[in-house]
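Peer 1: According to TrEMBL:
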TRANSMEM  17-38  transmembrane segment
TRANSMEM  58-79  transmembrane segment
TRANSMEM  100-120  transmembrane segment
TRANSMEM  270-287  transmembrane segment
TRANSMEM  294-309  transmembrane segment
TRANSMEM  329-347  transmembrane segment
Amino acid sequence: MFAVIDRMVASELAKTLFAILLVLVVIIVSRKFLNILAKAIEGEVSGDTLFQLLGLKTLSATAVLLPPATFMAILTVIGRMYRDHEMAILASAGVGASRLYRALAWMAVPVFLLSGYLALDVMPWSEQKAQALMKKDEESADIRGIKPGRFNEFSSGDTVLYAESMDDDNLMTNMFVQRRLDNGTEVTIADHGHLQHTGLDEYFVVLNDGRRYQGKPGQADYIVSEFGEYAVRIPGPEEEAAELKREAKSTLELIREWTPKELAELQKRLAVPLGVVFLTLLAVPLARVAPRRGPYGNVFTAFLIYVVYENLQKISQGMLMTGKIPLWLSYSGIYTVLTAITLGLFLKNLGFRWFIHLFKRSA
């Protein structure tokens, strides 16, 4: 039954969670946007890709920020209820911690399911799409980012292009092209040329009226040929299919590979929905403050606990990757500590009689 207290707590929590999450996402995404914008200014990312990457990064940021946003929202809502004496009134009506958890569950359970879906499915998908977009733009930047009067390297340095001048129509003069081939090195010079892009994501530098030298460095048997037109093909992004980063691998791939590094990435994703659960449990006793404590209550304590929690997550993932700790300890150690802190706060707030009473009820 959706009682009055359930509606009140769930409504307040939903509004507060949305506001906090929005602020956190804007802050984090703004920082990421500046990094992407810097790449766009340098010509590594196109304008269209810029906004696509921003949307993908927003999805990832939303998933990662759900646990701390939920934690802060519960602290804010329950802390305000303590300061306004609402919790004292509810306690006199028989509303205890267990009843409060039930009210919070109306909001916490959907957030848990949403965070699990975002972390385990949407986040790796968005990272994979972002990686593909960046890869394609970095390759095509070899064409967009050609600057006259300097040597331009692309395709991992296998091709070097120099043009003395270049106009708005991509027409170049006094060109020099060097390519590393399987059978040696090719050097091509030409009076002029232009850039050409086919519809199959293939890029060519077309040189006119030039000379080509082909051979191996240190040997005198070079092949010299003259040409009226000669095209040098630049490998397209699809030809260099780099291995996906762990962040971009699907959750099923991580489970199938079952290596320490993949398991550490899996732990990072599972930490999102699990963080919602355990931080929700911790927030209730931590939000208990005296009315005279001021408007911020235990916010500083909560901030310290969350910082320690995040650092322990990163440390345990790093130790799991290097094999310094076993899998079970890396996955369960942090949540055991959070559970112990939660029980300790309940004992501090309510005393051992609450613990004994809870034990008798469960028995």
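Every residue, even glycine, has its Cβ placed from backbone N, Cα and C.
Where the annotation comes from TrEMBL, it is an automatic prediction and has not been curated.
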Peer 1: Counting Cβ pairs under 8 Å to the transmembrane segment (58-79), which of 17-38, 100-120, 270-287, 329-347 comes out on top?
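Peer 2: Answer is 270-287, with the largest number of Cβ pairs below 8 Å.
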Peer 1: When each of 17-38, 270-287, 329-347 is checked against the transmembrane segment (100-120) for Cβ pairs under 8 Å, which one has the most?
Peer 2: 270-287
Peer 1: Taking a Cβ cut-off under 8 Å, which residues six or more beyond the ends of the transmembrane segment (17-38) line up next to it in the same chain?
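Peer 2: For the transmembrane segment (17-38), the sequence-distant neighbours (Cβ-Cβ under 8 Å, at least 6 residues beyond its ends) are 45, 50, 53-54, 57-58, 61-62, 65-66, 68-70, 72-73, 76, 107, 111.
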Peer 1: Below 8 angstroms Cβ to Cβ, which residues of this chain, lying six or more residues outside the transmembrane segment (329-347), approach it?
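Peer 2: Same-chain contacts beyond the ends: 97, 263-264, 267, 270, 274, 278-279, 281-282, 285-286, 288, 305, 309, 312-313, 316-317, 319-320, 354-355.
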